[in-house]
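Participant: Straight from TrEMBL, here's the annotation block:
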DOMAIN    12-431  domain 'Nitrogenase/oxidoreductase component 1'
BINDING   Asp36  [4Fe-4S] cluster binding site
ACT_SITE  Asp299  active site, proton donor
BINDING   Gly434, Met435  substrate binding site
Amino acid sequence: MKLAYRMYAGPAHIGTLRVASSFKNVHAIMHAPLGDDYFNVMRSMLERERDFTPVTASIVDRHVLSRGSQEKVIDNITQKDKQEQPDLIVLTPTCTSSILQEDLQNFVDRASTICDSDVILADVNHYRVNELQAADRTLEQIVRYFLRKTRQQGNSEISLTDKPSANIIGIFTLGFHNQHDCRELKRLLQDLGIIVNQVIPEGGSVENLYELPKAWFNLVPYREVGLMTALFLEKEFGMPYVSTTPMGVVDTANCIRQIRKQINIWSPFISGKKIDFESYIDDQTRFISQAAWFSRSIDCQNLTGKKSVVFGDATHAASITKILACEMGIRVSCTGTYCKHDEEWFKEQVKNFSDETLITDDHTQVGDMIARIEPSAIFGTQTERHIGKRLDIPCGVISSPVHIQNFPLGYRPFLGYEGTNQIADLIYNSFTLGMEDHLLEIFGGHDTKEVITKSLSTNTDLTWDSESQIELEKIPGFVRGKIKRNTEKFARQNNITKITVGVMYAAKEHLSA
């Protein structure tokens, strides 16, 4: 745990709350001091929910510190049990309240004896895992709890559905374009003749989790959340899963072929024939997805040779890297992820597709890398978008952490064949093309020509005199930022604190040598 003003993944309790509030009729109680209870506001604002977020904060104040939390926590649990009548109440501490080292499991056990609802304590180490890891663990814990409860009640008879079916695991609140991706996945499965058995946790009911083993296979579109649940279901019930993310033309086809492989395990015995999706893949690639055609067009070929940087969660960063390098022929100078726990998988996925790889959750390292490479475009999170603004480099947002603008009202999936079109548009529109910026300068499109003299992460003592600023403003806008950075880099290397026109020309000669 460390103090930071910008984080890629939040604290563990946020992940638990995201999963709990995604289910229907599940209430979460957060044992936390004032200041840790911002989740309700964040979810209501970003997801534009009409209903109240089903999360209650059991505040740790001076009275609690003096006499303990037991009474207050149990009272909050029983009160919500009577008021909301949920199917499940999830109690979670935060990093701050965990310092008290109270026996919250004992509180849950006591509350369970007087509540009609099921009550569980989130089994998460709040000091060792981040938001995404906690979400993955909480989802698996809830699924495990209710499936074992069903088995104990003697209702464990499992029979596969008559037609091919799938569970979609890992769609949940505040996910990056998750709602749109879910619609696209449902449409994809419907086209393939596959019934959607359940979607969890978003919109799912814990009372229906006993039906999960009826599906022929599980589809896990994101590695960050859902993989632990899929592994548990595979171990306990022998359920196969597909974890190839259907993002981009190539991986969407690979995902469909993986689905075909799982279906054909049972299809010969149930329907008497094997299923083939190759004609569907061909039709979708040629006529529905425009990305394959676009990647061969002159517009996309104009991007050949341009440098790009990719950074985000493991799923999106790996997929976008492969789309840029394999499908669009764009050079990826560096790709990276903040999911340090998934470093091995990520490196294997992007091997041979990028000049270098960066695994870090420190945004300053990412900023310094971008400043060093000076790419033509960045594909990252909202953090990289802010970095790009400071360096005058365009950025397309492809991953969490997110902003209100990443919850569009229109249909913007990243998965499936419609997702390939959205991603192609995003990539193409993220680059400054041709003489675009120069023409804006000529015709007065920019509001200001002020020269920014601050570096990325710290202030600098470099100053530009009036003549050098005038000279810099004469340079076309689409290359001005790069020339400015190269000049300042040359000045620092030579211990020059005041940049003049002479220094600018000296820097130019140095780079040309």
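Any Cβ shown, glycine's included, is placed from N, Cα and C.
Not measured: the values here are computed from a predicted model.
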Participant: Give the residue from the recorded positions Asp36, Asp299 that has the most other Cβ atoms within 10 Å of its Cβ, counting over every protein chain displayed.
Facilitator: Asp36
Participant: For the C-alpha pair, I'd like the distance in angstrom between Asp299 (active site, proton donor) and the residue listed as '[4Fe-4S] cluster binding site', rounded off.
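Facilitator: So the Cα of the residue listed as '[4Fe-4S] cluster binding site' lies 48 Å away from that of Asp299 (active site, proton donor).
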Participant: Note the mean pLDDT of the domain 'Nitrogenase/oxidoreductase component 1' (12-431), expressed as a whole number.
Facilitator: 91
